[in-house]
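Input: a single structure, listed below in structure tokens.
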């Protein structure tokens, strides 16, 4: 499976593509950062990120897009920009019929380093090691994008099995409810035919 990971941001949007093999084998296909100047109009910045994401999607043709889930921070302006970029990336994926997965920073850190509290340096070190890179991806946004892609590759099979189990459980519950309803209706019809006398 090929995953495009995105660490959304207006000034620096990290983008990384990773291929998953057997087991936990992963290979870096490409990594980069889409940059926009802070003094540019918001619409122009969003367009710049959108064009970069489109190019990555069309060049690398991933099967799924993994985006970091936006959490509220102290700087509302930063959160807004990050959320807007996330929306643009999700839209670009949807236009190509690609599924989009959102992962929290702690999910990514836990998948990559074993600890949801790992710092950026630890995540970068582990991403470099896991992917067998000659040097660490820079800046941290690039490493984070690769970490998102790896996280999705490693979590997706379990998430898929969980979703399948939940769907089966829901189907069993629906069938059980339908059988109960049918049994109650049949009992009511028998009671009506016999004048309410149960035999």
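Including glycine, each Cβ sits where the backbone N, Cα and C put it.
On a predicted model such as this, the values are computed, not experimentally measured, just so you know.
Pulled from Swiss-Prot, these are the features on record:
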ACT_SITE  7  active site
ACT_SITE  68  active site
ACT_SITE  141  active site
BINDING   7, 141  Mg(2+) 1 binding site
BINDING   68  Mg(2+) 2 binding site
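Secondary structure at residue 7 (active site), taken from DSSP and collapsed to helix, strand or coil, is strand.
Classification of residue 141 (active site) by DSSP places it within a helix. Of all Cβ atoms in the protein chains displayed, 25 besides its own lie within 10 Å of the Cβ of residue 141 (active site). Around the Cβ of residue 7 (active site), 27 further Cβ atoms fall within 10 Å across all displayed protein chains. A gap of 6 Å separates the Cα atoms of residue 68 (active site) and residue 7 (active site). Each residue contributes its Cα atom, and for residue 141 (active site) and residue 7 (active site) these two points are 6 Å apart.
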